[in-house]
Amino acid sequence: MIRLGINIDHVATLRQARRTIYPSPLDAAIIAERAGADLITVHLREDRRHIQDADVAALAQAFKNKVLHTHMNLESAIVDEMIDHACRIAPRDICLVPEKREEITTEGGLDVARYAHEVKHAMTRLTDAGVHQISLFVDPTIEAMQAAAHVGAPVIELHTGCYADALTPEAQAYELERIRVAAYEAKRLGLRIHAGHGLHYTNVQAVAQIDVIDELNIGHAIVAQAVFTGLEAAVRDIKAEMIKARLNQAYQHPL
């Protein structure tokens, strides 16, 4: 069955907006697992704009202590600082991604052909550190699939951003076909296939129907939807705490 990876970066985005200690990405991971997530994905960026080193360490410890029961998929740039950190943490999975400091979110796939030496070096270091599975986040092109196979990557994650951002049905159909063609080329080359970026509740179905895709990683849409579907309980609970404090007694919402 297709797997769902929950990216909890934007729980940290909400926290960092006010530099508070809440909401906790670890708490989000626990809830996500309870709701059926197959893995927890986090992106520790060079600029630390959302997920922090302490978050990754806390998640790693939670997996080690069996507080979390799936596994971590850590997204990392191929620069030495980030690979050093990834090797110290040694999560089960690593996805190598491109980064630009000025981007709002990851804007495209890793240029594996251009950075083949750096990619292979990073993969060797991560494997030696005990990382179980390494994937490359790449654009859905035949050339990218071939480059990933050439450097020996076992897994690719297809960048679905252009599909998600398509403004017309025709453009969306075109981008979906690019994903489909790339996925089957990757399968032909012996790669395992994941996909993600920009997927949400009304566009995920067509990608999930591509039977060679094993895993989808989704984050922002889920965190955004949680604002609404989880909002009633959050408001009720804080109101209960306010009334309880005022009355200095336990208060139960009249359901």
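Positions of Cβ are set from backbone N, Cα and C atoms, glycine also.
Reduced to three states, the DSSP call for His43 (active site, proton acceptor) is strand. What TrEMBL records for His43 (among others) is active site, proton acceptor.
The DSSP secondary structure for Glu75 (active site, proton acceptor) is strand. Around Glu75 (active site, proton acceptor), taking its Cβ as the centre, 26 other Cβ atoms fall within 10 Å, counting all chains. Residues or ranges marked as active site, proton acceptor by TrEMBL: Glu75 (among others).
Here TrEMBL flags His197 as active site, proton donor. Annotation note: His197 (active site, proton donor) sits in a coil segment as assigned by DSSP.
Feature annotation from TrEMBL assigns 3-amino-2-oxopropyl phosphate binding site to Asn7, Arg18, Gly198, Gly219, His220. In sequence order, Thr160, Gly161, Tyr163, Ala164, Asp165, His220 are the residues of the chain that are 6 or more apart from Gly198 (3-amino-2-oxopropyl phosphate binding site) and have a CB within less than 8 Å of its CB.
DSSP assigns His10 (1-deoxy-D-xylulose 5-phosphate binding site) to a helical segment in the three-state reduction. Residues or ranges marked as 1-deoxy-D-xylulose 5-phosphate binding site in TrEMBL: Asp9, His10, Arg45, His50, Thr105.
Non-local contacts of Glu157 (site 'Transition state stabilizer') by the CB criterion (under 8 A, 6+ apart in sequence, same chain) comprise Cys95, Ser135, Leu136, Phe137, Val138, Ile193, His194, Ala195, Gly196, Glu215, Asn217. As annotated by TrEMBL, site 'Transition state stabilizer' applies to Glu157.
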Residue with minimal Cβ packing [other Cβ atoms within 10 Å] among the recorded positions Arg18, His43, Arg45, His50, His197: Arg18
Spatial neighbour of His10 (1-deoxy-D-xylulose 5-phosphate binding site) that is closest, considering only the recorded positions Arg18, His43, Glu75, His197, Gly219 and their CA atoms: Gly219
Inter-residue Cα distance where the pair is Gly219 (3-amino-2-oxopropyl phosphate binding site) and His50 (1-deoxy-D-xylulose 5-phosphate binding site), in Å: 13
